[in-house]
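A short write-up of the structure that comes next.
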Amino acid sequence: MAKAATPKTTAAAEAKPAAAKAPAKKAPAKTAAAKSDAAPKAAKTGAVGKITQVIGAVVDVQFEDGQLPLILNALETDNLGSRLVLEVAQHLGENTVRTIAMDSTEGLVRGHEVRDTGNPIMVPVGEETLGRIMNVIGEPVDEAGPIKTTARRAIHQEAPEYIEQSTEAEILVTGIKVVDLLAPYAKGGKIGLFGGAGVGKTVLIMELINNVAKAHGGYSVFAGVGERTREGNDLYHEMIESGVNKLGGGEGSKAALVYGQMNEPPGARARVALSGLTVAENFRDKGQDVLFFVDNIFRFTQAGSELSALLGRIPSAVGYQPTLATDMGAMQERITTTTKGSITSVQAIYVPADDLTDPAPATSFAHLDATTTLNRSIAEKGIYPAVDPLESTSRMLDPMIVGEEHYAVARQVQSILQRYKSLQDIIAILGMDELSEDDKLTVARARKIERFLSQPFFVAEVFTGSPGKLVDLADTIKGFKGLCAGEYDHLPEPAFYMVGSIEEAIEKAKKLAAEAA
């Protein structure tokens with residue numbers, strides 16, 4: 001297998017795209033070794049083969065002696081007037097390669113000509129991608145014209161060397177109370193959003209994009225992996241409405257979008273996360289702090305499982321691919337902070353049948369710095385974001401990183417909620433009257449804390465009618481510290497529901513009292 005280029009090779013080639021052109025005959029070997037950011041024209045120098053078999057998304061191509069393309073090379077063919085890209089997955093013998101199609105194979109016939117590009121799939125990178133939507137092979141799909149850049153980068157790259165990686169610990173303040181207090185995100189870390197269907201993963205991701213663009217002014221890259229096309233379209237238009245992006249891209253846009261949605265073949269869904277990550281890596285290597293969102297990382301695993309079956313590999317546990325850990329590790333190791341810049345990754349992880357022991361979410365756990373677990377029972381109470389304060393974790397919740405006060409308040413909040421959870425069986429059987437006075441007080445405070453963990457979102461304004469709130473970390477700590485100490489025991493429970501700071505809760509309590517009078 002050819003070794004992927006380091007970012008250094010890429011940067012050099014970006015400066016001189018023309019230099020990457022190789023002699024006609026030796027193009028496949030040379031360009032695949034370099035994997036440089038050549039302009040796409042350089043790709044037209046490779047060997048030509050013929051299609052021998054088409055089975056769904058799997059296409060076999062036969063080449064002449066000595067012209068076999070390398071594993072992971074991109075091959076191109078014309079399918080009913082449109083460009084179809086195939087990625088080499090296996091060498092079968094008799095000069096035949098087995099490839100995975102990045103788009104529909106309807107219309108392909110045996111004997112059809114296929115050209116080796118000599119490179120892996122190359123996608124456009126740089127600021128010209130901001131505000132645009134592209135697909136897995138870097139083609140714009142937003143009907144706003146071509147992406148005006150010659151800089152391209154291979155989607156298969158090596159992870160940064162150990163000496164290039166940074167080890168500083170710093171919090172990324174999101175403005176979402178439950179996240180900042182109980183499971184804070186590391187700048188340059190990997191965060192998993194766990195939850196079943198319909199508990200609010202995508203809404204939380206959209207709120208994070210919105211808050212980070214407003215509060216930090218950083219670039220974001222959003223990879224839509226195997227999710228609903230409607231949601232992708234909604235996200236694009238909401239970004240334009242909220243000012244995160246400008247229509248058609250250009251100056252002022254803060255996010256690049258890379259989509260491979262539910263209706264795409266498994267090849268596109270398995271590679272689109274890498275295409276998005278490649279765009280993010282380019283920003284990082286130029287000194288940016290980038291946010292990389294993946295919705296949904298489970299679909300990446302699911303697509304890999306489909307491909308594995310199509311390629312005839314023996315399935316592993318629960319029918320997943322035998323290379324599940326390898327595939328996940330190859331991608332996750334590239335998401336890291338270097339001495340140049342950082343990639344903070346937020347990955348929505350669908351949990352099949354709400355089972356956290358399923359191999360797909362379980363494999364993802366190993367790579368994460370923080371987990372935000374969304375719980376259906378919390379969503380059923382109408383508390384949004386439906387983040388489980390006891391299940392969500394973060395390695396950043398350490399007094400050496402967040403400070404003694406933040407750590408003490410977070411642990412106190414969790415202990416009150418844990419005590420309430422353990423009392424719920426007694427309450428269900430015997431009722432509140434059988435509890436001691438101390439336990440009654442704990443339950444009352446826990447119910448107020450639960451409601452105070454809710455928060456109106458900017459991106460949900462259209463549904464709720466409540467204006468969104470971005471809460472400062474100091475205000476969050478102050479509010480929960482007072483709640484735990486009993487300073488707000490006199491306020492009614494509804495006053496804490498769907499507010500930002502504690503001052504807003506006090507104001508709401510006054511309004512409720514006035515309405516009752």
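Cβ atoms are placed via backbone N, Cα and C, with glycine included.
Worth saying up front: this structure is predicted, and the values here are computed from it rather than measured.
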Annotated range (Swiss-Prot: region 'Disordered') out of 1-42, 169-210: 1-42
Cβ-Cβ neighbours of Lys201 (ATP binding site) (radius 10 Å): 26
In three-state DSSP terms, the structure that Thr202 (ATP binding site) belongs to: helix
Neighbour-count leader, CB within 10 A, binding-site residues: Gly195, Gly196, Gly198: Gly195
Cβ neighbour count (within 10 Å, all chains shown) around Val199 (ATP binding site): 25
Binding-site residues listed as Ala197, Gly200, Thr202, least Cβ neighbours within 10 Å: Ala197
